[in-house]
Amino acid sequence: MQDDNINLKSSIPGHAEAVISTCFSPSGKKLASGSGDTTVRFWDLNTQTPLHVCKGHSNWVLCISWSPDGKKLASACKQGRIILWDPSTGNQIGKPMLGHKQWVTALAWEPYHRNPECRKLASSSKDGDVRIWDTVTCLTLLSLTGHSKAVTSVKWGGNGLIYTSSQDRTIKVWRADDGVLCRTLEGHAHWVNTLALNTDYVLRTGPFHPVMDNNAYSDDKNVLQQRALDRYNAVCQQGAERLVSGSDDFTLFLWLPEKEKKPLARMTGHQQLINDVKFSPDTRIIASASFDKSVKLWEAASGKFITTLRGHVQAVYMVAWSADSRLLLSSSADSTLKVWSMKTKKLELDLPGHADEVYAVDWSPDGAYVASGGKDKVLKLWQH
């Protein structure tokens, strides 16, 4: 039984405006953040200092996403521009990817086990389109048009499907190779804000098994691809990929999107809109965060309600799981982070320290660190 203390390691100033997103690399060894100050920053986890400041956007950096091999970071801004960065130098790779007419809401890379070259990137935008980019030529390969309003989220599944959610109240399932629309999932009565896959953790970490074998890294892409595929298949052996959606209608839906148009479950109980939803890495539990100040837990297999985690006094923006699925972290407008024990389903730790709303939080895939950022412009690094 490991010690469940989480201690503040450092508060790192640097950004001149709010920290909007923060994300650890697939191996857990590197950290990046995007800010309202138009920059992307890479941070050195060993020294807890800024490593590189990346300038290229001229508006808020709304989302960032690491390539599955950890060798590139994509960032997207309020102007709709997408830029690739080299984490080791902080230099821009290639030219900006231009095409979206409004801001980009989410980014998703093709999974490592589908292609270890990590060339393809999907982006969703307020302009209603989803684009698939070739990150070597920096050109659009496919434009997925079909949503009638803003697209809020995009997920690239492990079986060659892309899932998108929209303010048009639908979720669409697309074939990644040719952009063909496979099916539309309907049921939500208002905007769909957020999507999560039960395979998110294994797709995020791909060939890395950050908790198990930090030293077993190989340079052979075939070995790595097989490793990523094995880890993906291990999660999917109970059946197909599962998708959960959260909406402004206060509900979540659980889907088997590869096969079914009808939802497996409708999950009700939140009293306000849902901001974020995540499967635990072991795929057993779904956590949802809402403007109703609560986090709710649900059985991932059935969608059955487990419990409500109460403690935040304002809207809950984001949740993040520990790698071993034993702890859940939530970030809130009340300026706190809270850590919940899955054993007791109670508050384990209160992490005060931010001076204002906490927009962004991530737990490193190896479980060692938590990063948080928000309105107070400070990136905080916590050690687990």
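Heads up, the Cβ atoms here are built off N, Cα and C, so glycines get one too.
What TrEMBL records for 12-53 (among others) is repeat 'WD'. Counting same-chain residues at least six beyond the ends of the repeat 'WD' (12-53), those with a Cβ under 8 angstroms from any Cβ of the stretch are 59-66, 68-70, 73, 75, 77, 83, 85, 87, 89-90, 204-206, 208, 210, 214, 217, 359-369, 371-381.
Residues annotated as repeat 'WD' in TrEMBL: 54-95 (among others). Outside the repeat 'WD' (54-95), and at least 6 residues removed from its termini, the chain residues within Cβ reach (under 8 Å) are 17, 20-27, 29-30, 32-36, 38-42, 101-112, 116, 118, 121, 123, 125, 127, 133, 135-138, 203-204, 206-208, 224, 228.
Per TrEMBL, the feature repeat 'WD' maps to 97-134 (among others). Taking Cβ pairs closer than 8 Å, the repeat 'WD' (97-134) reaches residues 59, 62-69, 71-72, 74, 76-84, 140-145, 147-158, 160, 162, 164, 166, 174, 176, 179, 203, 206-207, 221-222, 224-226, 228-229, 232 in its own chain, all 6 or more past its ends.
Below 8 angstroms of C-beta separation, residues 102, 105-111, 113-114, 120, 122-132, 190-197, 199-200, 202-203, 232, 236, 240-241, 243, 245, 247, 255, 257-258, 261 of the same chain, each at least six residues beyond the ends of the repeat 'WD' (144-184), sit close to that stretch. TrEMBL lists 144-184 (among others) with the feature repeat 'WD'.
According to TrEMBL, the repeat 'WD' annotation covers 267-308 (among others). Secondary structure of the repeat 'WD' (267-308), assigned with DSSP and counted as helix (H, G, I), strand (E, B) and coil, comes to 0 helix, 22 strand, 20 coil.
Residues 4-6, 201, 210-211, 272, 275-278, 280-282, 284-285, 287-297, 356-367, 370, 372, 374, 376, 382, 384 of the same chain lie 6 or more positions beyond the ends of the repeat 'WD' (309-350) yet place their CB under 8 Å from a CB of it. Taken from TrEMBL, the feature repeat 'WD' applies to 309-350 (among others).
The repeat 'WD' feature in TrEMBL is assigned to 351-384 (among others). Remote same-chain residues near the repeat 'WD' (351-384) are listed as 4-24, 26-28, 31, 33, 35, 37, 41, 43, 45, 48, 201, 204-205, 208, 210-211, 214, 314, 317-324, 327, 329-339 (criterion: CB distance under 8 Å, separation of at least six residues from the stretch ends).
Listed as Cβ neighbours of the repeat 'WD' (267-308) (distance under 8 Å, sequence separation of 6 or more from its ends, same chain) are residues 190, 193-202, 235, 242, 244-254, 314-325, 328, 330, 332, 340, 342, 345. The average per-residue pLDDT of the prediction over the repeat 'WD' (351-384) is 90, rounded to a whole number.
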